[in-house]
Every structure is written in C-alpha cells, then in structure tokens.
Amino acid sequence: MATNEDQKQTESGRHQEVGHKSLLQSDALYQYILETSVFPREHEAMKELREVTAKHPWNIMTTSADEGQFLSMLLKLINAKNTMEIGVYTGYSLLATALAIPEDGKILAMDINKENYELGLPVIKKAGVDHKIDFREGPALPVLDEMIKDEKNHGSYDFIFVDADKDNYLNYHKRLIDLVKVGGVIGYDNTLWNGSVVAPPDAPLRKYVRYYRDFVLELNKALAVDPRIEICMLPVGDGITICRRIK
C-alpha cells in the first residue's frame, strides 16, 4: 500500500514529467488543488485504480485525478445515462463514468489494447460497475461507421468522451456528431496538448508532441467554427474541450 508521501511524489513526478499537464504555472498550486478538493473526495476505487496505473510504464496516458472529478460532476449535471468512451487505457475515466451514471446506465468503451483495460478491470469489478461497460477491442472508426448505418443509433448518446489517437479526432467528430443527441455532450481530451498549441515553430518539443500538435490544432480550429455545437475549452488536465450539440 502506497503511503501518502508516495502518492504525492507519484502525482508530482508525473506532473513534472509531462511538463505541467495541469497547465498551471506551478506544481505547488496543482498539488494544492489535488490535496484540497480532489483526493479527499476521490472514490476508493478511483484511488486504487490510480495507484495501480501509476506503476504502469505508460502511466502518462491516464486521465488526471482532477479531470476524473470534473467528468464525474459533468455526467451528473447532464443526467447522462447512455455514454461512449473512445480510448480507455486502464480505465480511470471509464470508472469515473461508470460510478457517475445510473445503475442501468451504459458505456460503450473502445480501445485497441485490451491488456491495459484488463489491468484495471479487477478494480472496476470490485466497485460493482462492470455490468455497465461494453468493452470492444480494436479501432473505433469501423464500429462508428457501422453504428451510423442504423438510424436508431442517431442521437442516442448523452455523453461521449474521446481520449485516443489524436490524428483521428476530426474523423471521430464527423461521426460522433450524428450519434450524440441534441443537448448531449462530446468531450475531447488533450486539446491543449501539453501547452504546445502556443509553442513557437522552433520550440524544442518531444517528437510525439510535435507530431500530434498539428492534428490537435486542426481539431480546435474545426470545433471553433462548427455551427452544430457550442464549445468550452478548459485548462483541466491536458486541456479538454466540451462540445454541446445544439442542432
């Protein structure tokens, strides 16, 4: 069992590793938010899954604890019941969703790596919410294309969260806009992409950050002028853009 000090070091270290993922100006301020309003109210299962994920070599991919709290609040505010998640990893945001929606709520969860999902599955099962999850391994686009063919799927989702391959974000949006209901919400994660969206051309960015930055910028420009949605870009985690379908 990790000590409180271990947990602090894990969170702080990860925060530094990704270059202020919370986009705040100091680690101390981010730690204040976590210790004051996030960790004290974090569900025990969420805490356990966060600690399990911290030991995984790709833990940089997980949803931050403050973003998990935000998603939980949002889901409850909009009374979401039928939801979708593209990009699962070990399931931290998935668990946040499963805990927030009603007992008869559903989550269609898609990821290309089932092994990562199974790492968090025991925690999800222990929390008693695994019955809400329909996990499908593989690329999401073919699944979405099949769903769109059936009219009954149009406008059937209350909430959709996307945290997957950034080079396909626009492709996802073109399909998801038909699947989310009018008044429903789509959340796109990483839309400030480690702050690189405002980095100068010659900035010393990591190769993967530089590669995906153009796709993130393209998405942000498209969402900003899409008349079918209202948007709100928030500096939570690595940036999340909330899109509410209005027509």
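Along the chain as shown, residues are numbered 1 onward.
Each Cβ is built from the backbone N, Cα and C atoms, and glycine gets one as well.
Database features (Swiss-Prot):
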BINDING   LYS21, ASP163, ASN194  substrate binding site
BINDING   THR63, GLU85, GLY87, VAL88, SER93, ASP111, ALA140, ASP165  S-adenosyl-L-methionine binding site
BINDING   ASP163, ASP189, ASN190  divalent metal cation binding site
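Ranking the binding-site residues ASP163, ASP189, ASN190, ASN194 by the distance of their Cα atoms from the Cα of GLY87 (S-adenosyl-L-methionine binding site) places ASP163 first.
In this record, S-adenosyl-L-methionine is bound by THR63, GLU85, GLY87, VAL88, SER93, ASP111, ALA140, ASP165; the longest C-alpha to C-alpha distance in that set is 19 Å.
DSSP assigns ASN194 (substrate binding site) to a helix.
DSSP gives SER93 (S-adenosyl-L-methionine binding site) a helix state. Within the group of binding-site residues (ASP111, ASP165), the Cβ with the highest number of other Cβ atoms inside 10 Å belongs to ASP111. Mapped onto three states, the DSSP output places GLU85 (S-adenosyl-L-methionine binding site) in strand. Here the C-alpha separation of ASP165 (S-adenosyl-L-methionine binding site) and ASN190 (divalent metal cation binding site) works out to 10 Å.
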